[in-house]
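Okay, so here's the structure we're looking at.
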Amino acid sequence: MALSMPLNGLKEEDKEPIIELFVKAGSDGESIGNCPFSQRLFMILWLKGVVFSVTTVDLKRKPADLQNLAPGTHPPFITFNNEVKTDVNKIEEFLEEVLCPPKYLKLSPKHPESNTAGMDIFAKFSAYIKNSRPEANEALERGLLKTLQKLDEYLNSPLPDEIDENSMEDIKFSTRKFLDGNEMTLADCNLLPKLHIVKVVAKKYRNFDIPKGMTGIWRYLTNAYSRDEFTNTCPSDKEVEIAYSDVAKRLTK
């Protein structure tokens with residue numbers, strides 16, 4: 001009978017995987033660049049509590065060794081025990097499946113609605129920011145506001161586990177910190193990087209602020225900005241503005 005001997009006293013399943021994350025570099029070629037998909041994977045790995053390394057990739061001069069590693073691939077991608085994985089959605093599924101309890105946190109939301117909350121915002125924002133026709137601006141801004149309002153309503157609506165059926169108190173507003181509760185989930189890793197871009201870019205190029213009356217969104221963003229998993233994986237506001245300097249169209253008659 002063949003026995004699989006543990007290496008260095010560790011069983012195979014107890015060994016830490018070797019993970020390297022490759023993300024888009026900023027304008028200086030070294031710092032974290034503007035890429036919500038890069039930040040999404042960065043946040044997932046950080047929240048999982050797994051040991052991993054991060055390499056920023058300067059797209060202007062992609063190193064030869066990187067082209068050999070993942071030819072024709074733009075970041076983000078990962079290597080997991082030297083195996084290259086390039087599809088962001090599949091990487092998310094893979095990490096959730098492989099880095100699982102009890103050793104690692106489960107990050108899937110409990111409530112399916114959390115996965116789709118805010119999903120239309122980025123498309124409406126893109127149409128708004130790329131438009132150059134003044135006569136179309138108001139309607140596009142209304143479209144963006146409508147999707148933000150929908151997210152705000154979701155964040156302010158109590159989740160089932162916030163409502164105590166035995167309590168006499170009628171809870172009308174949620175006080176949760178994130179989409180699915182008081183802890184970040186995969187849904188937040190997807191939405192927060194995009195929502196931050198909307199906030200920064202719309203202010204810079206359209207002087208548009210997310211209305212202060214949208215208390216759910218502002219509570220959500222404030223809680224995100226207090227977490228290292230978000231702020232330390234986030235590009236600087238300047239990087240976000242630079243990334244959109246050619247994308248954001250001036251309103252010209």
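Note that Cβ sites are derived from N, Cα and C of the backbone, with glycine treated the same way.
Computed from a predicted structure; not experimentally measured.
Sequence annotations record features per position, and here Swiss-Prot assigns N-acetylalanine to ALA2 based on similarity to another entry.
Annotation comment: Swiss-Prot describes TYR244 as phosphotyrosine. A coil conformation is recorded for TYR244 (phosphotyrosine) in the three-state DSSP classification, outside any helix or strand. Take the CB of TYR244 (phosphotyrosine) and look out to 10 A: across all protein chains shown you find 18 other CB atoms.
Annotation comment: Swiss-Prot describes 2-101 as region 'Required for insertion into the membrane'.
Per Swiss-Prot, motif 'G-site' is recorded for 35-38, and the stated evidence type is similarity to another entry. Note on the motif 'G-site' (35-38): mean pLDDT across this stretch is 98.
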Task: Cβ-Cβ under 8 Å with the motif 'G-site' (35-38): same-chain residues at least 6 beyond its ends - done: 23-24, 75-76, 88, 122, 193-194, 197, 235
